[in-house]
Amino acid sequence: MISMNPIMIRNNLSRSSSPAAPPTTNHSSTVDYFSIKPKLSLDINSQSDSNSTQSNNNEDTHSEQSDYNSYTHNQYYDSDDDEDDFDIRDQLLDPFDKITLSNCNEEYYSPLTPFDGQTTSPQDSIISSKSSNKSTTVVPSPQFQLTLPKLTTYSFLIVDDNIINLKILNRILLKLFPKCHIVQIQDSKLVKDLLHKQSFDSIFIDIEMPDVNGIDIAQFVRQDTKFDNMGMVAVTTRNSTQDLELFKQCGIDFTFHKPLNYSLDFMANSIDDIIITRKNKI
């Protein structure tokens with residue numbers, strides 16, 4: 001009989017009580033990470049695609065619902081706005097339905113469409129201008145005239161006891177002859193001495209002045225042949241036939257009546273004619 005020590009008996013019992021381990025198979029040679037990686041990638045991509053599709057479907061559904069709500073909302077409020085616009089337009093246009101045209105030849109026409117009120121109506125003129133492609137030639141009004149200043153270097157003497165009249169005539173002469181030289185005298189007693197010291201192309205005199213009036217100055221000028229080439233113009237309120245005849249006898253060449261409501265062309269041409277006529281007499 002074989003004797004066993006306690007240590008051997010304990011080892012045998014532990015071996016007999018533990019289950020048998022299954023046989024192990026080494027797969028390291030056939031299955032690894034690189035062989036299963038493509039499959040894992042396909043599974044992950046397919047899962048993300050399905051999630052994205054579901055999310056897009058949800059967004060499309062929500063967008064369609066929002067568009068429908070927005071459309072119904074806008075349609076409702078647009079109809080209200082249209083009704084308000086029609087009400088405002090009716091309020092503005094209703095008063096004009098009761099207006100009747102009067103004096104259409106003077107009032108009812110386009111300012112850009114010229115027409116002759118004696119030969120055609122403004123309505124016909126407007127219609128014809130719309131249907132016609134030809135340019136309309138606008139005839140300028142005979143009352144409109146362009147006045148060009150004269151650049152002659154005249155020398156003028158103005159004599160008037162009223163300072164306002166002096167300034168008015170001075171301004172007019174400068175408009176007519178921008179290069180002219182003008183001397184103004186308010187004291188008529190100084191005229192004789194000035195005429196002996198300085199020569200002028202023309203002298204403008206007021207008739208009614210204290211001490212030495214315009215008639216006195218005219219007689220003094222025409223008595224001296226030295227001043228035969230100088231024009232003399234009366235600027236006065238006296239315009240009766242007797243006064244004009246008296247002025248002519250005293251040697252006054254022309255008379256402008258106060259106030260000076262003359263066209264600039266008329267005054268410039270009259271002064272030019274007076275000076276030229278006087279100079280040609282020498």
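FYI, residue positions are counted from 1 along the chain as it appears here.
Yeah, the Cβs are placed from backbone N, Cα and C, and that goes for glycine too.
Annotation source Swiss-Prot lists region 'Disordered' at 12-31 (among others).
What Swiss-Prot lists as compositional bias 'Low complexity' is 12-30 (among others).
Annotation source Swiss-Prot lists region 'Disordered' at 43-84 (among others).
The compositional bias 'Low complexity' annotation in Swiss-Prot covers 45-58 (among others).
The compositional bias 'Polar residues' annotation in Swiss-Prot covers 66-77.
As annotated by Swiss-Prot, region 'Disordered' applies to 112-139 (among others).
Taken from Swiss-Prot, the feature compositional bias 'Low complexity' covers 125-139 (among others).
Looking at the domain 'Response regulatory' (155-273) alone, the prediction's average pLDDT is 96. According to Swiss-Prot, the domain 'Response regulatory' annotation covers 155-273.
Feature annotation from Swiss-Prot assigns 4-aspartylphosphate to ASP206. If you draw a 10 Å sphere around the CB of ASP206 (4-aspartylphosphate), it holds 23 other CB atoms from the protein chains shown.
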